[in-house]
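Quick look at what TrEMBL lists:
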- CYS152: active site, nucleophile (ACT_SITE)
- HIS266: active site, proton donor (ACT_SITE)
- HIS266: active site (ACT_SITE)
- 1-20: signal peptide (SIGNAL)
Amino acid sequence: MNKVLSFYIFFSFCLLKACAFKKNTFENYELNQFNLSEKDGYPVIGILDSPVTRFLKSSTIDKRDTMIPSSYVKFIEYTGAHVLRIPYKASESRLDYFMQNINGLILTGGSQLVRNETTKMMSEYGRKVKYLLKKAIEINENGNTFPVYGICNGFSQIVCSMSTNDTNICDVLTYKHHKAEREKIQFTDPLIQPFSSMKKQIIDRLQKENQLLFYHSLYLEPQFFQQNRLLNSQFQISSQSSNYQDVQFISSIHHINYPIFADVFHPEKAAFEWKPNYISHKKESIFFSFYIAKYFIQQASKNTHTISEELIQDFLEFKEDSNLIETPTLSYQSIYLFKYNSTYLQ
C-alpha cells in the first residue's frame, strides 16, 4: 500500500513539474517570439473611423455619421491592447493631439474614397490619412517607434498618401471588378517582418491553399510598383497574389525604414467575422491573424507616448458612446456607429 501511495505521490509531483515546465516554456516562447515583457505594458491603438455608408446612414434611427467595424476593435483588443477612436473629421491640431497620445494607428478597410476620380483630387478622408502618415513618419524619424498598419482600403490609402505635388501615386492603382474570394499568397521573403516569426507550417499552408480573404477593387500591380521610383524607394513588396481572373497584384508591402505596413487581405476577419462561404476559419488563418496583430502590438509597445487623463476617459467610454448594431447581412457582423461631436473634433 505504501508503495502504491508513494508511486502516486511521485507521479503527481512529476505531472505538476511537467505542467509547470510546459507553461514556462510556452510563456518564454511567446515572449521570445514577440519580444514582449511585462514592463512593456499594453499600448493604446488609434483606429481611424470612416464615413458611414448611405445604407447605414438611412437605416440607423439616430443617424450616426462615422463607423468602425467591430472586427477591427476585437483584432486589437484580443492582444490585450486598448482602442481609441480617431475621428477622420478632426482638425489637424486635434489629430496632432491624438497622435501624441497613442502608440500606433490602424487604417481600416471599407468603401471610403481614396480620391475623386473626376477631379483627381484626394478625398477628405485621404487627406487626413496623408496627414496622419506624415506625422507617423516624423515620430519615427525622431527615434520613437510608431507603427501604422493599413488593411485593404488602408493599403490603397497608404500608397496614395505617398503622392507629392509633382507626382500623383494614386495613378499606379488600377480599378478592376472584384468579388469576395479566398486566395493564396506568395511571400517574397518569409524572413521579412511581420512574417519572420511565423512557423514554416503556416507560411507553407498559406502559399498552397486559398485561405486569406480578399475583397477589393483597387489593385497595385507589380510592374507599376517597379516603375514608380517614389514608391519603390520607400516600400518593399512583402507578398503577391492573383485573383480569379489570374491578375497578378501586390498583396502586402512594408516601409523600408519604419514600421509602416499594409495588406490587401483581411486578417481581422478570420477570427471575428462569420461568412463561411468566403472567410476561412482554419487554424492557419487564425494563427496568421494572431501573428500579424501581435507583431503590430510588439512595435507599438516600443512607443513611449502615454495617454492623457482626458483621452483615458474617452477610450473607457468608447463602447458606451457608440451605437453597436448587428449587420450580419452586410460585410461585417457588427459595426460601431458614432455621432459628430464638435468638442471632440477641435
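Note that Cβ sites are derived from N, Cα and C of the backbone, with glycine treated the same way.
If you take the C-beta of the residue listed as 'active site, nucleophile' and look for same-chain residues 6 or more apart in sequence within under 8 angstroms, you find THR108, GLY109, GLY110, TYR215, HIS216, ASP263, VAL264, PHE265, HIS266.
Within 10 Å of the Cβ of HIS266 (active site, proton donor) there are 24 other Cβ atoms, across all protein chains. DSSP classifies the residue listed as 'active site, nucleophile' as coil under the three-state reduction.
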